[in-house]
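Asker: Below you'll find the structure I mean.
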């Protein structure tokens, strides 16, 4: 199909910041885009050709929207999967596939998928209700510490909690969840795999993530990861195996633990552009957003290696500030070498809310990492 | 002023492709943008916050638009300058300044400006009417060959012609024009200078341009230029002197000839992002578009050096094809290393019409140049 000068339409479910960055990359190729999103205030609204208001979890909204497009993709996983399944049967190209989303949307199913496909992951138990965890502890079927995860609708540290004692369970949602082994790890790593329907596959370099100890949000993403070639090769192989197991089309971001014994365990995946790939905009030959578009349109994939070293810092709302956002010292960081802020345009800040990210690129990765720390120390997302 | 979380508004005169690439860069900083443009079909329409229809040469249209914004910039020079002058007096920050645009808009005035400011440029004569050129030739006041240039409204090879005999003047516009010495040159070079109101100044590396012999349009832009350090230093110095002479704010693209005697002569300037800087999107630490925004908002300027070597190829309509555009072999070029097409989204092609550009980046500039030639040979902009 000729995407570049025809009546082709690309549909995107979700109108958030990831969708916006994706849309800017469709512009290079002059692709006609249509977005479905529940909020009229969504960032994508001014970046797409057509904007449709609708609930992403509503069957009719997703089905009626999807019928109007040729290729349908997502920028958020929580969408109505039954509608996607019908659309696939009716000939719409849906990437990621409904089957993949069904495996991923529910964390218990995701873990079972890894087990079934012999993809290394930490041990876990599945519970229909939170109360069953308490029973399991009482019966000796589960021991502290473990990681509680809500099976559905968790993101950015919501829906995940390390449980060290019974009282840590207080206040958690009552529904379906899993209890995972708490893995003592050296590093959190991620690999983004791109695959197009023709089967061409490329992996981005392994990145290393540093998490904020309290908020459980990524603080720095470092690309390439400062690990041995051996570990990098192992991580890439696991990521490729995972993408292949899903028979995935588009980007698959595979988050992994490097354990104390240098085992690689898959933590979770995201079937779309991902926070661990934002530095690709400035650091890589092909940004993850352009690559996702190339992949789902069955175009040749672009180079995935780095032009220069890249470090990404998430900009999150400072503790103690809620209200109209102010980016304190943003001009200070813009004076630093190779620093590009990406402000998402949310009007209100609150503690740990993701408000943007900053990329730092440099020929020397260690220098980029040093500047990233200065960035982190200087800029503060506060309120008026 | 806090641009990032206030009611600040950036106005852009013109809604074309340059404006669109500029607008995508405002998004990183979440800047509220407003565009004035005569065509409802303009590329900028879906990339700005506010879109106003109006004639850029109409005093009232420009004035009324400008009154609503804090900083006003352009993506095309042909705008009503009287309105800009009034807006400046009333406190709107206009970059480039009305005075600069007045000097640049008219090529005769632009040449006089260089002469007055001791900026090296080729010799020229100024004529109120084309017929005066004929008189000058008859009187022996002007000799063949020379370069005829319309004083106003020329762009992309329109309004410029090498005149070798009297009949070459046939069919040219009758109005004000100049006749320039035809300079035998080794290279056409360009330097983009960025300057903010605080006086911070940065220059991009010198680029080298190869022109299509017939269409007088740039075929390749090569960054950095394959010239000696001595010539590069000389070209940068001339470009800086030119920016300083205009007391310019924003980007100033300075196009120059390197003569057979290694003199540097200014050909012309553009006070905005420019075709000779498109490769900065992929090759430089800071794209020219981001840099223009940083400059006019008085933010710190970003790094201007290259991450990797960059070559830019203009995509122009092939001869013999007029009608609905088709990009033949676009997938072939997307398979090549480090190749990014930028399709401008014009629906109709015609011979030599600028339809897009392709950037080729590589660690090795010679390899980028080699791939650029393959790109040029492979892709063809034709009609259905």
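Even glycines carry a Cβ here, placed using N, Cα and C.
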Asker: Can you tell which of A:149, A:161, A:241, A:244 TrEMBL lists as binding ATP with A:107, A:180, A:181, A:182, A:183, A:188, A:267, A:268?
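Answerer: As annotated by TrEMBL, A:107, A:180, A:181, A:182, A:183, A:188, A:267, A:268 share the ATP site with A:149, chosen from A:149, A:161, A:241, A:244.
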Asker: Inside 10 Å of the Cβ of residue A:107 (ATP binding site), count up the other Cβ atoms and send me the figure.
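Answerer: Counting Cβ neighbours of residue A:107 (ATP binding site) within 10 Å gives 23.
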Asker: Can you count the other CB atoms that lie within 10 A of the CB of residue A:188 (ATP binding site)?
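Answerer: Within a 10 Å radius of the Cβ of residue A:188 (ATP binding site) lie 20 other Cβ atoms.
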Asker: Which entry in the list of binding-site residues, A:180, A:268, has its Cβ near the fewest other Cβ atoms, using 10 Å as the limit?
Answerer: A:268
Asker: Would you mind listing, in sequence order, the residues at least six apart from residue A:182 (ATP binding site) in the same chain with a Cβ closer than 8 Å to its Cβ?
Answerer: A:145, A:146, A:147, A:162
Asker: Over the domain 'ATP-grasp' (A:111-297), what does the predicted model average in pLDDT?
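Answerer: PLDDT averaged over the stretch: 93.
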Asker: Helix, strand or coil at residue A:188 (ATP binding site), per DSSP?
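Answerer: SS state of residue A:188 (ATP binding site) = strand.
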